[in-house]
Amino acid sequence: MSQTATVDHVVAPDSGKGAVDYIRNGKGIVSWLTTIDHKRIGLMYLGSVVLAFLVGGLFALAVRLELLTPSRTIMSAAGYNQAYTLHGAVMVFLFIIPSIPASLGNFLIPIMVGAKDVAFPKLNLFSLYIFWIGALITLSSLVLGGIDTGWTFYVPYSSRVSTTAVVNVTLGAFIMGFSSILTGLNFIVTMHKLRAPGMSWYRMPLLCWALYATSLVQIVATPVLGITLLLLIFERAFQIGIFDPALGGDPVLFQHFFWFYSHPAVYIMILPGFGIISELIAVHSRRKVFGYKAIAFSSVAIALIGFLVWGHHMFVSGQSELAGTIFSFLTFIVAIPSGIKVFNWTSTLWGGSIKLDTPMLYALVFLILFTIGGLTGVFLGMLGVDLHLHDTYFVVAHFHYVMVGGTAVAFFGGLFHWWPKMTGKMYSEKGGAVSAILVFIGFNMTFFTQFFLGSRGMPRRYYNYLDQFQPLHAFSTVGSWVLGAGFALGIVTLLVSLKNGKQAPANPWGGLSLEWQTASPPITENFESTPVVTHGAYDYPLAQGQKEHA
Amino acid sequence: MNKPHINIDSFWLPRQSSTLAEKVDFGYYAAYWTGIVFFLLITGATVYLVLKYRRRTEKDKTSPIAHNTALEVTWSLIPLVILIWLFFVGLRSYVYASVAPAESYEIKVTGEMYLWTFIYPDGTAVVNELAVPKGRPVKLIMSSKDVLHSLYIPEFRVKQDVVPGLYTTIWFNATNAGDTALLCTEYCGSGHSDMLATVKVLEESDFEKWIEQQSGPSDLPPEELGKLLYAKKSCATCHSVDGSPMQGPTFKGIFGRNEEFSDGSRVAVDENYIRESILNPQAKVVKGFPAVMPTFRGLLKDREIDALIAYLKTVK
Ligand SMILES: [Cu+2]
Ligand SMILES: [Cu+2]
């Protein structure tokens, strides 16, 4: 193909004028609660997960405040154990897991592949309700005795000793799992069946590939979590004796079950972030993605190999040395595809036309923080080194670099990137940029410090700690305030735009994927007529009138 | 309670106080320098490219190069080789940590909410204080009475979960005399962060002396020593001396008492019966009480049992 094309020729032109956009199409709360429009459902998910993020964030600030001094600062040991457990459980089950797929994914996948909606729109609404019910049951623990087991629910503490509302939280997580499974199913079928004419697999935006891989993991791994949590509930209620050694059970078995889901779940959390970063870097550099297929297939590779490394959470649990050795080796293998992605993103900057808009700033923050998160994971994958670092603050720092520095930062970057599309409003660039910078500084203050703490022998989940660690803990706590301010400013900037923001153009960043070829905000059917796709999501050289290279 | 202390004498890590420590630290620094090099490469390239290729006009033309197989294979293979090397480095110290020398000095460890008990080969049992000889391999054989715990000694670089219903082991060879911290690293409830112990690394001769002292000062009269042991060995949690009923029968007036057992037989309490009750409590179970008394076989020395008997004679 050597003809030239401009952006307008990529798809069937779409004026968007005349038709009412999806936000104004239907008024009143009932029209939202009964909608089957993937965009509205995505928006409702978005509101829910951001709310969960705020709740989880408040718990995080409380935990950090308590750790300002080596003994009691503001709460009791029991209160502290509840605060950190709720922080973890809310952030994992109510925020990170659903965050990108259910909100941005729901909104974007159908538009990106040129469809009117997801494959099963009613099922999609049903998933949202399941999520809400599960979330409410989980949160009911707040008033019904809290929970103090850690988000990992290790037995026999959770099954026999803890007097808190363990059943509520696990039952809630169990129910939310169905939402996750059904959403994954919906996405996979949508991508298989509803791609617009000309939208071949390799023309799909990389976010779609990432969410495809994520959906696979959601479908395969989540049932295992469901069974595990159900068994835990039975163990607690009826002493069936599967996990509790006092009843003839095996507590290490629980850990195998739990991590068989929860390690792949790490990829449920990070793969969508990878997808967003691919979009942000390509669009804000207006550059053809370097190594499209490598990025696409590394997502799938991570999803598959990710199933075989759960035992790296259990090197000192009492599992056999041979098992530990195999899990360690596979852990190093799964590091390769993540590394490949980072190299490809960096290379995509080469020869680009880079503008440091807020989304791009967040993408760069991601690149640096995720790189640190990945490289510190290498320490923990090494068997001998993990003997020293396991269950210390080094681990806490490492996974926050991946989950917050990676996923949460990607989520915010994506939010800024697609906000004009979702709401039709432009936000204050200044607010966005300052929030990205505050997040970067605050995050490193909070969590880089914790690498020192962990290396020096500070265990995690400690209410009281040795006096010698106080200076580092205090510094980390101050960092959490800066980090909190950064995220808060980001959210405020977006909310303010709803009132004061300028009307967003259809394509504020000059992107080529389909979502930028329709109005902001889109009409309910997404496109006036089914788009016909003639080339890939990142063919910037073509759009710029350059000759196509082979 | 006096909190223990971790000696830290380098920027990142605690002092190396066991033969394992330097092997673990070699792996730590191997990952550390690998990480620094890759971090500088990636962030350096990112910053450079962002500055060099910043947008000048809206009409900028961008590179059409979409991949480069040679480059991509290179940047997959080089990290792969480095990672496999790091895997083996990690494996080496792990194997060293996993295989205890046959001549190791064995100490039994029990974790429970929220204290550590260390039981020495001669039956000496000590709570929250682990004395070990310097320069001799020591093996800990660990189990938990209730929930999961994890035994961690940062200066030794050893850590292992302590699991109910399972024996786990670690071993170390301490190289620095002095005190250091032992911590619980598996969350176990509200007292998790107080589940600390002091590790005392002693010269061989001091260690022998320490063991001697644990069974109480040897110049104490037997009745006094027995009273001390009654409190120290947890008899007091089940037996009162004032007549009040607890889990077990009271010791008040026990000596000479005519005791009835669950099988209906009777005996007058004497030295032999008390000794049997301590070493083999299930042999005769006092009527009206559950058979929950633990055996103290291996935990009390002859001299200590004699002292306890002497003490019980005085409880009237
Ligand atoms: Cu994992
Ligand atoms: Cu503990």
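In case you wondered, yes, glycine gets a Cβ from its N, Cα and C as well.
A quick note: this is a predicted structure, and the numbers were derived from the prediction, not measured.
What TrEMBL says about this one:
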type	residues	note
DOMAIN	A:32-534	domain 'Cytochrome oxidase subunit I profile'
TRANSMEM	A:43-63	transmembrane segment
TRANSMEM	A:83-113	transmembrane segment
TRANSMEM	A:125-147	transmembrane segment
TRANSMEM	A:167-189	transmembrane segment
TRANSMEM	A:209-234	transmembrane segment
TRANSMEM	A:254-277	transmembrane segment
TRANSMEM	A:289-310	transmembrane segment
TRANSMEM	A:322-340	transmembrane segment
TRANSMEM	A:361-385	transmembrane segment
TRANSMEM	A:397-419	transmembrane segment
TRANSMEM	A:431-453	transmembrane segment
TRANSMEM	A:473-496	transmembrane segment
Range from A:43-63, A:209-234, A:254-277, A:322-340, A:361-385 with the greatest count of C-beta pairs under 8 A to the transmembrane segment (A:473-496): A:43-63
Of A:83-113, A:254-277, A:322-340, A:431-453, whichever stretch has the most CB pairs under 8 A to the transmembrane segment (A:167-189): A:83-113
Positions whose Cβ lies under 8 angstroms from the transmembrane segment (A:289-310), at least six residues beyond its ends: 202, 206, 209-210, 212-214, 216-217, 220-221, 256, 259-260, 262-264, 266-267, 271, 274-275, 278, 281-282, 327, 330-331, 333-334, 337-338, 340-341, 343-344, 347-348, 350, 536, 538
Beyond the flanks of the transmembrane segment (A:397-419) by at least 6 residues, Cβ under 8 Å: 46, 53, 91, 96, 99-100, 104, 107-108, 266, 269-270, 272-274, 276-277, 279-280, 283, 357-363, 365-366, 368-370, 372-374, 376-377, 379-380, 425, 427, 432, 435-436, 439, 443, 446-451, 453-454, 487, 490, 494, 497, 509, 515
The transmembrane segment (A:209-234) touching the transmembrane segment (A:125-147) per 3+ Cβ pairs under 8 Å rule: no
Selected stretch (most C-beta pairs under 8 A with the transmembrane segment (A:83-113)) from A:209-234, A:254-277, A:322-340, A:361-385, A:431-453: A:254-277
Cβ pairs under 8 Å between the transmembrane segment (A:322-340) and the transmembrane segment (A:254-277), at least three: no
Integer average pLDDT (0 to 100) for the domain 'Cytochrome oxidase subunit I profile' (A:32-534): 95
